[in-house]
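Please read the structure below before turning to the comments.
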Amino acid sequence: MVRYFPNPYVEEGIAEKEPSHDDLTQQINEYIKNITTRLQPSNRNVDGGLYVGVTGVSYMFYYLFKNPLLKDSKSFFIEKAVEYLQPALDSSAGERTSFLLGDAGTFALAAVVFKAKEDERYTDFIKNYKALYNQYLNPKFLKCGGDEFFVGRAGYLAGALWMHKELQTPVLTREEMYNICDVIVESGRDYSMKSKSRCPLMYHYYNTQYLGAAHGLSFILQMLLTVPGYLQFNTSAGKDVKSTVEYIASLQTKEGNWPCCMEELVLDDHKLIHWCHGAPGTVYLMAKAYLVFNDQRFLDSCIKAGEVVWQKGLLRKGPGICHGIAGNGYVFLLLYRLTGDDNYLHRAKMFANFMKSEVFIRDSRLPDNPESLYEGIAGTVCFLSDLLTPEIAEFPFQDVFSNFNHTEVQRTNSWGYSHNGSFDGLVGALQRREAEFGCSPVLFKINRAEVVDYVVPTWKTKHTFLFRQPKYQASNYSVYTRPLDGVVWRCMLGVLLIAGLTLNLILKVKKTNDFFDGRDSSLSLIWLLVCSAVCQQGMPVNKNAVSARIIIFVIFMFSMMIYQFYNANVLSSLLNEQYYYIRSLKDLLQSDLKAGVEDMLFNKDYFKRTTDRVTLDLYKAKIATDKHYNFFDAEYGMGLVKHGGFAFHVDTSAAYSVMRRTFSEREICEVGEVQLFPPQYVGAVAVRGSQYREYIAVGVSKLLENGLMSRIKSIWESRKPPCAKQRYSTIMAVNIREFSMALLFLVCGYIISLLILLLEIYVHKIKRITPNRGRTHLKKIMKVHRVKNVIHKRPLRKKITFLN
């Protein structure tokens, strides 16, 4: 009887519509409904553990809980996971040390599920799992074969590694895992010698030398390759493991399949194409070997296995992952992650599509446990879930992409920032376990610490606003008012006003006594006199009275002293150290300076997340306005600082280097700094619970102790150039800003004088038109003076003649 359906998608040119996101979600929901209806979470369904019991259904719900595209149902999934797990906690699922068929798998799943539910009881299940450790060290652990996946040591290692990844913390120490690996290797060597095998390591399960994933050699070798660092720790074991993997690869048939066991090597046709026996399970060993040894032969073996699965993988035994279509579909998800070829993703979706076809529904066999994880549709649900997120797809407990033993350096354009719950860049690679540790240190952030481990701080980075300090804080006219305090200015004006009014009074009294004294004594004259005294100038005025002379002398002496103090203050302000007016972000916000920021992701992220009001106002007013988006590279931004009138937020290690090369001595001395945020420590990061954390911490600490880190820092981080300015060593210059108010005052004087001239011309014309008014007024004045002369018996001294 043929074990598989003919693949209707093999022929070229046949275009079959791929299932959409909604199609897959609908199919998942239908399977979940069938499972919850037909398989109740009761004690009578506990037997079989993860493989065919309710514990496997609990795993399915937990797997759905992790899928980021199904987050709307997360609470439902985790509650169902606990519900289906509870019967296995109340009664034993089988042998206590059996991972896939007994209590060991239950303990592992319980620890992970309760941790996801934030139930502190998860620590008890970790202890229960670790309590089994010593039993696996017994060389005669199980007579039937104590090294395979279902009930043996390889299963216990698989569970420990899976818990490590899910809990983000190691369950077994490196030494404990190495001890189990040593026992497995010795067991394989012993049986290889007894059975006179042609490879260094060989194992049996009930006296059959299986090669597949379920009970055989391929899964055992995959675990030895997966335990981080073991091949380097035990080099002789590493040689035997590699030799055995190469031997297994050599057993692949031309078609691409593998024999079920060593006893079937003599057969011409190997019909089993299941995960448990055949290419769909052995392909994971080849994939892991390719990732560890970087040998193209193993990748070619994977691709060859994929072809036989594509031809003969639509099994009649049902939809399960052990010996069903979903398990074979996982082969294409593995190849998609290995190669990035979208054709493999298309093939995986076609396998999912076939499970909805009438042919499959009508002619496929019903598994013994149709709702279970490995034989039934619970495993199919996991496969469909992975089709929604193929980039992170993994066969249950068999992720080949975790804990690489070879070095792979990736480059990314971001340190790692959160988007919709996941990170991009370096932190994202660590979160997805695409890398083991980061080569570039990153800033300490709370949300990053939730997904990666900060190993050790390396050094402190400093970012600040750099700008040339303005000479004066206020507007342009303050250049002329700054030398004297406001109280001094008011006292000075009061003294000059009193002196001017007193002089005006004296001159008027003098003029009244000396009729027709030809000298002017108006207020305008007094105002000009005071101004001339302040400006150290002179002008003619009636000085016959001793009192007037005293007032004029006092005005000129007072003005001379003020003038000396004023000039001395202006000169000293040029000679002395410049006063820093901008000392805080608020000062910078209120200043006339424009502002910009270095075009770095962490700066943009800071402005996006900060709640500081001054910072936000500064960002909206000067950095990201409606007209400007002032994010520049360090070289261009520092060029704007050099020009003046611009504040630039930049990493000082880059800014100081530009200052040394391009700034003059005077410009360096004028540079001020205002911090947007305090200096930040950066640290080395690694995957949560990384086995290499201790090594990284020790290595970086040694670099710090030996001075190598300081040497690197001196190369990459430039110091601030010192201000070498000596008093009187530079040329003092007055810029246009300081001179502008004098020019404005002069222009205003020109304009006012012209306006007054025009007004005088206009008045003169009016007087010429009406001359009689002026003559009549003069006659009245003469009459008054005659009356006064008669009274005082003083004749007129001058003769007044009117010209007609």
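Every residue, even glycine, has its Cβ placed from backbone N, Cα and C.
Quick caveat, the model's predicted, so the values are computed rather than measured.
If you look up TrEMBL, you'll see Cys276, Cys322, His323 marked as Zn(2+) binding site. Cys322 (Zn(2+) binding site) counts 25 other C-beta atoms within 10 Å of its own C-beta, drawing on all protein chains shown.
The annotation domain 'Ionotropic glutamate receptor C-terminal' is assigned in TrEMBL to 488-748.
Taken from TrEMBL, the feature transmembrane segment covers 487-507 (among others).
For 546-566 (among others), the entry in TrEMBL reads transmembrane segment. Counting only same-chain residues 6+ beyond the ends of the transmembrane segment (546-566), those with a CB under 8 A from a CB of the stretch are 483-484, 492, 495-496, 499-500, 502-503, 506-507, 510, 529-530, 533-534, 536.
Residues annotated as transmembrane segment in TrEMBL: 739-763 (among others).
Each of the binding-site residues Cys276, His323 was scored by other CB atoms within 10 A of its CB, and the lowest score goes to Cys276.
On the 0 to 100 pLDDT scale, the domain 'Ionotropic glutamate receptor C-terminal' (488-748) averages 80 in this prediction. Within 8 Å of the Cβ centroid of the Zn(2+) site, not counting the listed residues Cys276, Cys322, His323, the chain contributes Ala214, His274, Trp275, His277, Gly281, Lys317, Gly320, Ile321, Gly324, Gly327, Tyr374, Glu375.
Secondary structure at Cys322 (Zn(2+) binding site), taken from DSSP and collapsed to helix, strand or coil, is coil.
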